[in-house]
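Peer 1: Per TrEMBL, the feature transmembrane segment maps to B:6-25, B:37-56, B:62-80, B:87-110, B:116-140, B:161-181, B:210-232, B:244-270, B:290-309.
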Amino acid sequence: MNNRNRLPSVTLAASALAMSLLGAAAARAEGLVVGFSQIGSESGWRAAETTVTKQDAKKNGDTVKIADAQQKQENQIKAIRSFIAQGVDGIFLAPVVATGWHQVLSEARDAKIPVILLDRDIDPADKPLYLTAVTSDSVHEGAVAGDWLVKTVGAKPCNVVEIEGTVGASVAANRKEGFDDEVKKQPNIKIIRSETGDFTRSQGKQVMESFIKAENGGKNICAVYAHNDDMMIGAIQAMKEAGLKPGSDILTVSVDSVPDMFRAMIAHDANATVELTPDMAGPAFVALGAYKSKGTVPPKWIETKSVLHTSADGDLQQVLDQKKDLGY
Amino acid sequence: MNSRLPVIVTTIVFLLGFAGCGLHFPHFASTRVVGNLLTDNAYLGVMAVGMTFVIISGGIDLSVGAVLGFTTVFLAIAIGRLGIPPLLAFVLVLLLAGAFGAAMGALIQFLEMPPFIVTLAGMFLARGASFLLSTQSIPVGAPLYDTLNAFALHLPGGGRLTFITLLMLAVFAGGIVLLHFTRFGSYVYALGGSRASTALMGIPVARTTIRIYALSGLLAGLSGIVFSLYTSSGYSLSGVGNELDAIAAVVIGGTLLSGGVGTLFGTFVGVLIEGLIQTYITFDGTLSSWWAKIVTGALLFAFIAFQRLMSGGGFRRSRAGAAAA
């Protein structure tokens, strides 16, 4: 989900991505066969990632074999061994834990099958054993959210409340760091309260209720930042129940871009969301294609784009239509 | 002859299944896949040996998956963090796991509590203890691990018999000797036949029960060592639900859940069948991996129904009587 190691990063611009996609597809006579060891389907986002991976493969004319590990590392190791035995062209791995990959990834290397990590990183000691890791930068996600708020409020004074993710989760810490650093540069913006909502809707709602009570019925609050959309959807409900208008009385910005957040933005109940793309496989297919056809070694870390969607966008309905059938 | 039939059927099912997969997928019928099947299921095999003893004696051990998890975390902390030599850590954890099993056996025997409840409590205890040690996955990083993992007998065609495969095969061989050729083994069958009459026959019920659960605990600890080698790390969530996979392998292998009947060879084939189903699903690549559970469930049901038809009642007692004699 995140990448704590500050590696040299390459942000793939959408146009460059599309161009190299075409290039890679043209360079290959026939489609690649890729084995994808997925963690499971514990969250909507992960289900969407699996769906998008299948769509990407279909688009490129590649074949993807998906093994759902049901949250178990041993199932992932077994799946990787089976992929090696089948002689696939590449292996995508979304690792359930960071440790314990040395043995099986060495076997993949011995069989000359490149491994690409998706959305999570592994033990740095095993860095030579994979081709590249495609992950988002969760610090950057927070920064994009902070940047939007800074630009939106301009020079006006603004008190912000922050609903944090699960305590100890690195994604939460990173999204906080990115956002806080961005708004701290502005003397007119102050983070007045910050509390954990555990990444859930119900907790997000409760935390927002307590913020509203503590801040003069919400009159002192100018904006809410939540570390994920689910907590924000809970917070929106709390604001409505308190007779406030989310999206105009209080600005909202959160991270993930789940379909329900687009519904909220279309209804003018929310202002902005930063996308954690479920399309980790897209750049991975591009990197694998280039590596297989031309021997191009990609950088060790491919950072996915953190796109900002706001209620001012004209294409909210289109994005929602694309997203709603992905399994979120 | 009657008692061998379930094992023969299981073996035929496995061979047919393997041949079917071989015809279906070009790379399937290779020594590499066979080697993987053994390596990937080594921890399950070791655990299933202990489970076979327990089930033949008419009991059940639900704690083994949790003991596996505890063992991996214990080893990762002992070796990786405290710097205890790996071999000493292995001995310590085996003693601990064996004592844990013996304690459960004693509770079952002297308090006359059902094995299901005692080992369920043992499962919570062991799982809880491993979370207490650490909730993170911890790398082991010992040179001995690298040496053992690098060791393998190479087969023609890219297959490998790894250290943990050989260890599992040795455990099965040792288990077969213990179960089928020693007095302790015949006591195990006798206990599963009928507890009351075994006491009358002068069989040391208490000692045998405690030894059976100690053996199961010890082998669960050993399967934890195998798992620790397999992943070179310790994680408190590893082995969740593995006790059920082991029970399934034992039952598919022709052992009666009510006790008294069963073989270790059947268990071995049962483990391979479970591995085969998983391998098939990965090779296919489009099926949901939850089909593995559904197929295992269907097989379990089919085998239990088959045994029911086969036994008809008299079959169980005659086998137990023969073993005790």
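Cβ coordinates come from backbone N, Cα and C, glycine included.
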Peer 1: Answer with yes or no whether the transmembrane segment (B:37-56) touches the transmembrane segment (B:244-270) by the criterion of at least three Cβ pairs under 8 A, sequence separation 6 or more.
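Peer 2: Yes, the stretches contact each other.
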Peer 1: Where among B:37-56, B:116-140, B:210-232, B:290-309 do we find the most Cβ pairs under 8 Å to the transmembrane segment (B:6-25)?
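Peer 2: Counting Cβ pairs under 8 Å, the winner is B:290-309.
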Peer 1: Return the stretch with the most CB pairs under 8 A relative to the transmembrane segment (B:210-232), choosing among B:37-56, B:62-80, B:161-181, B:290-309.
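Peer 2: That would be B:62-80.
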Peer 1: Which range out of B:62-80, B:116-140, B:161-181, B:290-309 gives the transmembrane segment (B:37-56) the most CB pairs under 8 Å?
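Peer 2: Counting Cβ pairs under 8 Å, the winner is B:161-181.
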Peer 1: Go through the chain and flag residues at least 6 beyond the ends of the transmembrane segment (B:161-181) whose CB is under 8 A from any CB in it; none is fine as an answer.
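Peer 2: For the transmembrane segment (B:161-181), the nonlocal Cβ contacts are 35, 38-39, 41-43, 45-46, 49, 52-53, 56, 148-149, 151-153, 155, 188, 219, 222, 226, 229-230, 263-265, 268.
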